[in-house]
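So TrEMBL has the following annotated:
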- B:32-536: domain 'Cytochrome oxidase subunit I profile' (DOMAIN)
- B:1-23: region 'Disordered' (REGION)
- B:44-65: transmembrane segment (TRANSMEM)
- B:85-104: transmembrane segment (TRANSMEM)
- B:125-143: transmembrane segment (TRANSMEM)
- B:168-195: transmembrane segment (TRANSMEM)
- B:207-234: transmembrane segment (TRANSMEM)
- B:267-285: transmembrane segment (TRANSMEM)
- B:297-315: transmembrane segment (TRANSMEM)
- B:327-348: transmembrane segment (TRANSMEM)
- B:360-383: transmembrane segment (TRANSMEM)
- B:395-420: transmembrane segment (TRANSMEM)
- B:432-453: transmembrane segment (TRANSMEM)
- B:473-496: transmembrane segment (TRANSMEM)
Amino acid sequence: MKHWLYLLVGIFSPTLAASELPLNMTQGVTEISNQVYDLHMTILLICCVIGLIVFGLMFYSMLNHRKSKGAVPAQFHESTKVEIIWTLIPFLILVGMAVPATSTLIAMEDTSDADITVMVTGSQWKWHYKYFNEEIEFFSILSTPRDQIDNKAPKDANYLLEVDKPLVLPINKKVRFLVTSEDVIHSWWVPAFAVKKDANPGFINEAWTKIDKPGTYRGQCAELCGKDHGFMPIVVEAMPEAEFDAWIAGQKQAATEAAAQAEASLSQTLTMDELMAQGEQVYMARCAACHQPNGAGLPGVFPGLLKSPIIQGPVGDHLDIVINGKPGTAMQAFAKQLTAQEIAAVVTYERNAWGNDTGDVVQAADVSNFEK
Amino acid sequence: MNTTTQDTDATLDPVSHDDHHHDGPPKGIMRWILTTNHKDIGTLYLWFSFIMFLIGGAMALVIRAELFQPGLQLVDPNFFNQMTTVHGLIMVFGAVMPAFTGLANWMIPLMIGAPDMALPRMNNWSFWILPFAFFILLSSLFMEGGGPNFGWTFYAPLSTTYGPDSTALFVFSVHIMGISSIMGAINVIVTIVNMRAPGMTWMKLPLFVWTWLITAFLLIMVMPVLAGVVTMVLTDKYFATSFFDAAGGGDPVMFQHIFWFFGHPEVYIMILPSFGIVSSIVPAFSRKKLFGYSSMVYATASIAILSFLVWAHHMFTTGMPLAGELFFMYCTMLIAVPTGVKIFNWVATMWRGALTFETPMLFSLAFIILFTIGGFSGLMLAITPADFQYHDTYFVVAHFHYVLVSGAVFSIMAAAYYWLPKWTGHMYNDTLSKWHFWCSLISVNVLFFPMHFVGLAGMPRRIPDYALQFADINQIVSIGGFAFGLSQLLFLAVVIKCIRGGEAAEAKPWEGAEGLEWEVPSPAPYHTFSTPPEVK
Ligand code: HEM
Ligand SMILES: [Cu+2]
Ligand SMILES: [Cu+2]
């Protein structure tokens, strides 16, 4: 018997220690997340103690009050005193638990006096961040390559927990989040901050955090939001204030440059090949989740784009649905998500890929004219 | 076939009941289709539920196979979502609830000394619409665009504006399930209130009957709410209403309030009858009276009442006002008190008894321990600030599987073993049943315990693929899943063997068992208690 135990311990302890399996809630990097962690550990401990007592008594009884050991059943089957005791004691334990829980909860819900406000908007299947008062906004999309998901390439360390543009936040500042959604319900969750808030379409929820340590913190959407719910991670880059300010300045600069480039692109004429190459990129990143990489769609859910009347028909209708989307369906309005150049490219791509071969070429200027 | 005339012309002492020609069941398939006999209908419900358990289980295995490794291997995410949705719907409405209704049909008349259920024709109807409901639900999986893919909780607008074309079929099938449940519940209430044998006073009712009576009231109160909310989903999707669409003045969070006003009592609908079963079995194999009978009844009633005041604990992250969060946190914590009383009472029943460990007792003991673990995680989930971290992760998945699989399902297995001798007239194969128990016990824990860990470590629920740090534990969980699934085939083998033959069962095969059901012979004759027994 002893040997057997040693063997078990021997097998499991090094594997457990070496693999660093994540087994518990993260303590996180905010005061609140630490309080939540403490609450979690306290209640876990209380449950373990009660469990040990109750299960201990049960096992004692199972071992000692066996008929095979000659046990003769006792006759008692009621005791108001005992029953009152075991109603009252758990009640008091619960009251003891409710006190710290209440004070943590009150602190968590206090979104007043924030230093920065970030609007977080979920949509199928990406996050959009907008810094109030800064005119900076961008989408944040899963950056894990398709090949890794399809097991055609080795998976890297942050598989499914990496994005093209993380949310950047300063440390030691109270950041308020305004959370909402464009389509279905999503939920914005970063375990290290103990923030999880549902993004409800048409309503705005509030949450806040104050990060203690610089670092990269990863989370995921926590509310089933359709097909790619498992593929819309959240990455937050937390940095000291000076670095953050520099980042803001850099973003503003980049935004001005991008605007200038977008302006310039309106007078550019690209070749079919250039448009197709760029269009394929945009399509794979932004459209393929629904319309599928081969344009075939998912019958009954997302329409295929092969030989579709809209694609074979006038360019205007095609531009219309991509730019304005179709309200009440999963087809979003891409006017704000893509530049005129990108829309031109993706529309050209769709009209010529997968045997659509319309031969149509759409330029950025066409898109911007259409938008007017 | 006409039960009433048969009942009046035969004044039969159930114990010395001999096989009168017209008292046996008619032969052939029509027996089952036209039957109004509570035992036949009970059998139908139980088989139906077991078949659904296997179908829902197969879907769970598709889920676990996909999650065996990171990456997408077997199914695409849209189909994965259909599997989680239909698995949940089938297990809740197809496996657990019909199993309890089957047990109620078989056992309530036998336990209260009634000849049948009060409304036998409605009883037939309430069973026979069920296969259609599930046929519709399952066939929607083969429609273009697939079946329901929005989770068993069908949150709007994922199920409305963004739902698949088959949503109408989903709504229709839920309506039928609801009607069936309501009819079943009415039948249980009318039977218990009106058909108790003389002397069977309220405080003498077996606890299974008490818990079912309370469950039936819960059903009648919340199934219409479910019917209402699916109808609103239907009109939102197809008739341009906007109950849950902010653009038209509605509110998607209102959906959740209505759903969980049904949903939380629903989870108690799935556990109160278990409490009754365990309260029958533990005293029988402890050879000692149930400790604190009346406090058990009061605890059940208070759980039922409290279950209407806690629904929003499923919605802490939706952005409720602080006062709401506090109210629902306190009420949810409070529900742990009567639940604790039950557990303490069972332990006190065992205390200084003379225990033996036949298979029904083994399942009941496993129930007590594992259900308590599920109760602990429930208590943790009730702590709102901590729930922000647990919510919608595998921690919740672990919680509800502990209360539902090693809780409700284990109690159903316990009940089946306990009453199989009465149903079939044979003892089940003891060795095989012990194998079934131990395999189930070990695999259920390999399956669900590690889910606590991945959940705490941050793995969301309802995802078809996951980050690498969750890989090891998911592999263990999947292995447990397949082991648990296969173990249930042992149960099928035991039941079939037991129906076919085996050692003849006495009228009362368990030394310490009590109750009227043990006073009729085994197998229970087709008609019992045509003359009510006298209860002293
Ligand atoms: C001590 C008693 C219990 C407490 C305090 C409790 C508490 C909770 C809480 C707070 C949640 C929400 C977790 C979340 O989503 O963040 C939850 C979920 C759930 N509970 Fe319990 N629970 C208890 C017993 C039960 C029982 C007896 C059952 C069923 C037999 C049950 C079934 C469920 C189910 C199915 C869910 C998940 C629903 C879903 O999101 O799909 N619980 N429980
Ligand atoms: Cu999501
Ligand atoms: Cu609940």
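For all residues, glycine too, the Cβ spot is worked out from N, Cα and C.
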Averaged over the domain 'Cytochrome oxidase subunit I profile' (B:32-536), what pLDDT does the predicted model reach?
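Within the domain 'Cytochrome oxidase subunit I profile' (B:32-536), the model's average pLDDT equals 95.
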What residues elsewhere in the chain lie close to the transmembrane segment (B:473-496), defined as a C-beta under 8 angstroms and at least 6 residues from its ends?
50, 53-54, 57-58, 60-61, 64-65, 67-70, 413, 416, 420, 428-429, 432-433, 435-436, 439-440, 442-448, 450-451, 453-454, 466
Does the transmembrane segment (B:395-420) come near the transmembrane segment (B:125-143), with 3+ Cβ pairs under 8 Å (pairs 6 or more apart)?
no
Can you name the far-off residues of the same chain, 6+ from the ends of the transmembrane segment (B:207-234), with a Cβ under 8 Å from a Cβ of it?
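Contacts with the transmembrane segment (B:207-234): 100, 103-104, 107-108, 111-112, 154, 156, 159-160, 163, 167-168, 170-171, 174-175, 178, 181-182, 184-186, 188-189, 192, 241, 243-244, 255, 258-259, 261-262, 265-266, 268-269, 272-273, 275-277, 279-280, 290, 293, 296-297, 300-301, 304, 307-308.
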Short question: most Cβ pairs under 8 Å with the transmembrane segment (B:125-143), which of B:85-104, B:168-195, B:267-285, B:297-315, B:327-348?
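It is B:168-195, which has the most Cβ pairs under 8 Å.
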Taking 3+ C-beta pairs under 8 angstroms (sequence gap of 6 or more) as contact, is the transmembrane segment (B:267-285) in contact with the transmembrane segment (B:44-65)?
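Counting Cβ pairs under 8 Å (6 or more apart in sequence), the transmembrane segment (B:267-285) does not reach the transmembrane segment (B:44-65), since there are fewer than 3.
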Using Cβ atoms and a strict cutoff of less than 8 Å, what residues sit near the transmembrane segment (B:297-315) while being 6 or more residues removed from its termini?
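Distant contacts of the transmembrane segment (B:297-315): 203, 207, 210-211, 214-215, 217-218, 221, 253, 256-257, 260-261, 263-265, 267-268, 272, 275, 324, 328-329, 331-332, 334-335, 338-339, 341-342, 345, 381-382, 387.
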Using a Cβ cut-off under 8 Å, which residues of the same chain at least 6 positions beyond either end of the transmembrane segment (B:168-195) come close to it?
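Beyond its ends, the transmembrane segment (B:168-195) has Cβ neighbours at 89, 93, 97, 101, 104, 108-109, 112, 114-115, 117-119, 122-123, 125-127, 129-130, 132-134, 136-137, 139-140, 143, 147-148, 154, 159, 205, 209, 212-213, 215-217, 219-220, 223-224, 226-227, 230-231, 233-234, 237-238.
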